[in-house]
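Notes for the one structure printed next.
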């Protein structure tokens, strides 16, 4: 079955994320385990952990349906050693928070070279950062998100993701989340069924579908290969609806969280209903 949902707010308590997911008829969701604009937050208290777990049980959310997202401040490929250490410490803290909540994924953007080191050096720093985090934590899978290639961000091509994974010691604890807006903005076509087939054949060849742990389903305000990350509601952007229908009907993407981060949260429930209707066609 498809797990479909959206990135919901954790305002008011982590347990509220489950209720917000239910309100839009979601069977998957994403959220920040802490303030995404801060490096560190107070440790989770046991009461909040228990409340979150109880809500997940009450509404039948399993760990594989939930794809928490890390802080945007973290840059696991940072060229400056002091800020690289800070990023690594923050990332490990978020991995621990996920483990405490009984979750198995942490989705993150790989990082940026900031024009201070080469892309290859940055990719190696990301791999080293993940290895350090995996050594210091248990159970949680580090899920690398592809990027649009905006600015000096790495991770905008399958070769980058493959290179990061190649240098991970425990490959059972690394995965990939594909964001369709980022994919399109970085030059991978998705506008027709054939385009989708070609793009994901490349993904399977260079990385492997076994590493795909989640999908961020977003249309794009900007044209293909724009290298600009601007999400749009499904069918209202440059990608169009064919890609989303193809993805939702593809059995390779069953049993992984498919998360909306589209432009208008007010129509998330409508978008989820539409996706489910496409599955039935």
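Backbone N, Cα and C define each Cβ position, glycine as well.
Zn(2+) 1 binding, as stated in Swiss-Prot, involves 109, 145; the candidate among 69, 78, 160 given for that site is 69.
Together with 229, 231, Swiss-Prot lists one candidate of 113, 182 for binding Zn(2+) 3, that being 182.
Together with 145, 179, 216, Swiss-Prot lists one candidate of 94, 251, 261, 269 for binding Zn(2+) 2, that being 261. DSSP gives residue 182 (Zn(2+) 3 binding site) a helix state.
Between the CA atoms of residue 231 (Zn(2+) 3 binding site) and residue 261 (Zn(2+) 2 binding site) there is a gap of 7 Å, rounded to the nearest whole number. Spatially close to residue 216 (Zn(2+) 2 binding site) yet at least six residues away along the chain are 145, 177, 178, 179, 180, 181, 182, 259, 260, 261, judged by Cβ distances under 8 angstroms.
Classification of residue 69 (Zn(2+) 1 binding site) by DSSP places it within a strand. Other Cβ atoms within 10 Å of the Cβ of residue 109 (Zn(2+) 1 binding site) number 23 in total over all chains. Here the C-alpha separation of residue 229 (Zn(2+) 3 binding site) and residue 69 (Zn(2+) 1 binding site) works out to 17 Å.
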